[in-house]
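First up is the structure itself, then whatever we jot down about it.
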Amino acid sequence: MKSKARPTAGRLLYAQSGGVTAVINATAAGVIQNARAHGIKVYAARNGILGALREELIDTGKETAAAIEALRYTPGGAFGSCRYKLKSLDANRAEYERLIDVLRAHEIRWFLYNGGNDSADTALKISQLGKAMGYDIRCIGVPKTVDNDLAVTDCCPGFGSVAKYTAVSTLEASLDVASMADTSTKVFILEVMGRHAGWIAAAAGLAGEGADAAPHIILFPERVFDEAAFIAKVKATVERVGWCTVVASEGIRNAEGQFLAEAGTRDAFGHSQLGGVAPVLAALVKDKLGYKYHWALPDYLQRSARHLASKTDAEQAYAVGKAAVDYALAGMNAVMPVIVRTADAPYRWKIEAAALDKIANREKKMPPGFLTRDGFGITAAARKYLAPLIQGEAALPYGRNGLPKYVQLKNVAVAKKLPDFAH
Ligand code: F6P
């Protein structure tokens, strides 16, 4: 992990990758503030790795200290992000050569790539570049994903906030449904993100405990969707409680392995675009049971809801960015700062370095012990894991217009030094 002496001069390149979160900019703030404290200049790639390939670099030195501080509470990706998979070195050597050319032209010695498991793969490949192509570049992956599916780390920055948003929304919408159920809506269905892992859906379970508390049914991608069992449970819940709240992961599949809702498009990594399972389930409920329903698809709302972020998550997001700079300056390569849980109650955590090849392209799903026997709820073990992650409210300054005071960076471009590159 550690390689020879630290380069004595050069710049640090930071890039955001994949789906953004409510707190990914807090990680950027951790990176930039720590690098500034060490006298290191930070460039950011516009739109992730594409910015590096296109030589579209941003000079973060043009931003004020106040603007960088405001990143700590501004959602979205301040420098732009992308989904773009680098091929293997053999399959597309030209792309790697271009990357090295750009890094060399701008004297970049440290590359910090902030993303999920796909991005860890990209970061790992770039970290191998130095050796293969004779340029001294240290590469650190920085964790981020609302899906919470990265291996090794106890949790992923971005997840705690989407978990809090989901639990709070489930609680609030259930109070609404409960008040109307006698004469109106009997079933409310909330669809959440998470692709192949049910962590976000599981977080909805924090909204209540006990058979009659919402959510009454959680549908996980880790379990095959059983239509008959689902309908029977909705019916039994409405007859017993008077109404029923369902939380469904976008990634649930039928016995044939097909997603219940697939938009028909795929991204650069071959992932199906998901979304739309809630209306499918609602139609099923209407068709089989005749109940009035409402459904909601918070979609990007859930991963951008900084107003409802978890303080724990915001702190962890900042800490991984700060640690990534420490690792880079210590000469480490092909590692990621991960979150290690040291105690559950009171919750304690620390940051440690983990090898990127243990993280790249792996997907951490919900362990079977976190799901109840019928597969429709979470266990005490899951609560113990999840509860600390949504703790605390992350304060946000509001303006006189009633809106949060989010920052818009200047994003001043660095002058290009190379000819354009077709990719
Ligand atoms: O980054 C993870 C994620 O938020 C998933 O949960 C979701 O399915 C996906 O991104 C959506 O990706 P995109 O914004 O590229 O459509």
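Any Cβ shown, glycine's included, is placed from N, Cα and C.
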Residue among Glu69, Glu95, Glu250 sharing the substrate site, where TrEMBL lists Thr145, Val146, Asp147, Met193, Gly194, Arg195, Tyr300, Leu301, Gln302, Arg303 as binders
Glu250
Students should find that the Cα atoms of Lys144 (site 'Important for catalytic activity') and Asn117 (Mg(2+) binding site) sit apart, in Å rounded to an integer, by 9
Out of Asn117, Thr145, the listed binding-site residues, fewest other Cβ atoms within 10 Å surround the Cβ of Asn117
Counting every protein chain present, what is the number of Cβ atoms, excluding its own, within 10 Å of the Cβ of Asp118 (site 'Important for catalytic activity and substrate specificity')?
22
When you tally the Cβ atoms that lie within 10 Å of each candidate's Cβ, which of the binding-site residues (Gly19, Gly194) has the highest tally?
Gly194
Taking only the CA atoms, the spacing between Arg303 (substrate binding site) and Asn117 (Mg(2+) binding site), expressed in whole angstrom, is 17
